[in-house]
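J.: According to TrEMBL, the record shows the following:
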ACT_SITE  GLU146  active site
BINDING   CYS103, HIS145, HIS149  Fe cation binding site
Amino acid sequence: MRPLAYIGGMSIRPILLHPDPRLKAVAKPVTAFDESLRRLAEDMLETMYEAPGIGLAAPQVGVMSRLIVMDCSRDDEPRRPLALANPEIAWRSEETGPYEEGCLSIPDHFAEVVRPKAVEVTWIDLEGKAQRERFEGLWAVCVQHEIDHLNGKLFIDYLGTIKRGVITRKMEKLKRDLAREKPHPKGHEAAQL
Ligand code: K1U
Ligand code: ZN
């Protein structure tokens, strides 16, 4: 893959916080594999690493395109930044497993979600070339979580109504506090609104 680089520098983009209608909408397919897509992918990777996180979907930065980025490499491994346009799950294992998931759009909330343990995903890379890969472990959890974002689905949608409601009300309060620029114990910035 061509290095993710361009002249002009990368930017950290504000991450939308739940609840937000853009996080509930279905994103549109990527059709142009151009410099602006590469710039978006670079910005998303920088935003993800800075958060820090292991994945990010374009709707989380307010761009309603089917683009996700991920890097689930361990601290003792080299970085493996991936950018996937129009990702689709071509195969999922019958075996499922739980993982305590988080979300950069729902900070400080975590819940167990059960998903297929392995998936095969097809996508188009930033040069417009078709790719297919099997993901397992945390990579499989993350790619499924990110593809859900492209379909307007959040990890809290796998929870019961009561748990989801509790988290949503706490997030509404966080957003109200941020809007009033009231310092929040967790230090989230008003820029995320
Ligand atoms: O999509 C997102 O909101 C990013 C999210 C991805 C994800 C996390 C856990 C399970 C499934 C998908 C995150 O990156 S949350 C932050 C996080 O999990 C993390 C942060 C630093 C180091 C390791 C993990
Ligand atoms: Zn998320």
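The backbone N, Cα and C atoms fix where each Cβ goes, glycine too.
Because TrEMBL annotations are produced automatically, they should be read as predictions rather than curated entries.
Because the structure is a prediction, the values reported are computed rather than measured.
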J.: For HIS149 (Fe cation binding site), list the number of other Cβ atoms lying within 10 Å of its Cβ atom.
T.: 22
J.: To the nearest Å, how far is the Cα of the residue listed as 'active site' from the Cα of CYS103 (Fe cation binding site)?
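T.: CYS103 (Fe cation binding site) has its Cα 10 Å from the Cα of the residue listed as 'active site'.
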